[in-house]
Amino acid sequence: MRNRGVRITSETVDETVIEESPEETTSLLSGGGDDDDGEDDFESRPWYKRPSPWWLIPTLLVSSTLSSMTMAPKVEVYNKLVCREHRPEYSSHDPPILMPGHPQEELVHTGPGPVVPGHPGEAQDSVELLNYVQEAYRWRPDPPASAYKGGVKSPSALCRADPVVQAEVAKISTAMTTLMGLLAVLTTGYWSSKSDVWGRTRILAISIAGVLVTDANFLLVAHASDYLPGGYRFLVVGPVIDGLVGGMPTATAAAHAYVGDSTPPEARGRMFSLYAGLIFTGIGLGPSLGSLLIKYTDDLLSVFYLTTLGHILYAIAITVFIPESLSMAARKRIAKKNEMRKRAHREEEEEISRLRMGPRGAVLTAWKVVRPFFGFLSPLALFAPTKAIPGQAGYAIGKRDWNLTFMATCYGVAGLMIGLYSLKFQYAQKTFGWDAQRLGYWLSLVGVVRAFHLVVILPLILKYLRPKPEQAISLPIEEAEPLQSSNGQTPATPPPTADAGRAAHAEAVKRYQHSPRFDLYVARASIGIEFLCEVGQASAQGPTSWTIATLFGAFGGGYSPAMQSLALGLLKNEDETGRLFGAMSVMSALCTQVLGPALFGTLFALTVGVFPKMVFVAACVCAGTALICLFCIRIPKPIPPPVVIVAPSGSSNNSSPVVLEGEAARRVIEGEPPRGRTLSRGNVRAKIVV
């Protein structure tokens, strides 16, 4: 274990002097003490100007609720817009999409779409069927004008069941998600780095501006798709702008940074747990509230009006009321470091220019041209196989450690399945004939079960089933027995600990005693549950069995936190923790927002008219591949920190302390006496040496 700028000098265990090295680690929250421009003292500010996670965390419940309210209605609006263009005969009896305040006198022969006898999925696109429907509705009396209030109604059953309509909906939905995800992958690194210089709240404000543009564009297309270039395809403009400003990955990174800046280290775990719990709680509440709002307003767009208003209020709170968590001194210090990094980069470019002649210069020049296009993937280099630590029992192929490689592969393959989430709405609409209200209730039920699992069940499992670390034992020795090392030599007096060093020593023991093996078990169990969930959805014969399968899959929600903890346990260098999570964010955005939606969306569009369950079969393959990768991970046996054994205070034994390393240190930490030592009464103390 590396000593970070601390040198311990003393002659005894109980009296220690700790000398600080000139390099100090400064805190972003305090602004650091080595900046000449001074630092911001947050404690001297009024309470309403101090950064705190409680400024941001309560807004998560509101924002996640508002966002989840639009999940099911958004698919309904897609169906309606696509059906009007590709199957106008189905929607000829639907109420027109009108701007609010449109005169009701212009509504002629409006009514809900026809319901074909039998199962909705059995509707056939034939001339006889269409003639029958048109003839039947020709003599049907018009409903009273009070039945419609100028809002947007749900699409007809024929629209929901038509394979052509569903294929086009899958295409536009996939295009929007893929474009936004691809642009977010390319821009998240830039905007996240700017949050260190511009501040967290400014980046959050930029992200919410992209969301507001998307909301406005959606409402515009919903009301005036016939007058826009491309018709309903104009929907892609919003996600493109949202992706250019970073999208959801950038907003999530900035929010995590804000919580981390304004929370003490010992409380960050609790805050991040609360963060995740509130998000899933909002996901559980939102769809039901959206369904109730649609029911009482009889307008699909009512939830979008409310969501847009909520986003406007959130933007005002971010820009006006929520204080910045990163001090001005810290931002200036980071800006200086960035300038030094740019200077080093310019020097590297000059070196390449000098070596431009010859074969090596040609390669360097080519790399100079290509590198900017692949810079967003540079964090993924952390997942490349590395040389195994000598003497460490781990999974090594050809003397290389592949654990992080297998972990990243599992993380990415499992992330692909998130691209299936929105397609489940279309599948339920086509196969079971569900409308926006039923989809909302289903979403709420799944969200509540997942939130309950993450907030209640999983913490209890981690608390009571995780193996408890053994306490280090007190080793009795003969007082007259000289304390010697295993090679028979009396070692030199090791550097003992002081009060300031004991906390670091205790942390070293905790790191050694904490094994990621249990996290690996939780991840395997969660992916196994997800695999069974996809099998159940692929084999379900009706809405009840399909719903039960999706509810069972909610208990696989422990996969993400288990994988994050597992990745930290597999990381060899603790200084690369930030780089690790940055690489996982890039991998997540690439797979969940680009590759996953493109893969499953294209597959659903190709097979929806033949075998719509094919997407669940593909999800089974992804879950099985991820599970195989997890079984390829071998948890290495950690190398224990050195241990010092000293004689008890007041004893007649004045021998020098003994430094135990390797197997002997492991036995002491795990509660076993070291081998080859005569034991008798009298206590000794074990101290860990940094």
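Cβ from N, Cα, C; glycine included.
Model, not experiment: these values are computed from the prediction.
Copied over from TrEMBL, here are the features:
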- 12-23: compositional bias 'Acidic residues' (COMPBIAS)
- 33-42: compositional bias 'Acidic residues' (COMPBIAS)
- 1-45: region 'Disordered' (REGION)
- 480-500: region 'Disordered' (REGION)
- 172-191: transmembrane segment (TRANSMEM)
- 203-222: transmembrane segment (TRANSMEM)
- 234-260: transmembrane segment (TRANSMEM)
- 272-294: transmembrane segment (TRANSMEM)
- 300-323: transmembrane segment (TRANSMEM)
- 402-421: transmembrane segment (TRANSMEM)
- 441-462: transmembrane segment (TRANSMEM)
- 580-608: transmembrane segment (TRANSMEM)
- 614-633: transmembrane segment (TRANSMEM)
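Beyond the transmembrane segment (580-608), the same-chain residues lying 6 or more positions past its ends with a Cβ under 8 Å from any Cβ of the stretch are 163, 166-168, 170-171, 173-174, 177-178, 180-182, 184-185, 188-189, 192, 247-249, 253, 376-377, 379-383, 408, 411-413, 415-420, 422-423, 426-427, 430, 564, 567-568, 571, 614-615, 618-619.
Remote same-chain residues near the transmembrane segment (203-222) are listed as 74, 77, 81, 97, 152, 191-192, 194-195, 228, 232, 234-235, 237-239, 241-248, 250-251, 254-255, 258, 301, 304-305, 307-308, 311-312, 314-315, 318-319 (criterion: CB distance under 8 Å, separation of at least six residues from the stretch ends). Count of Cβ pairs under 8 Å against the transmembrane segment (272-294): among 172-191, 234-260, 300-323, 441-462, 614-633, the largest is for 441-462.
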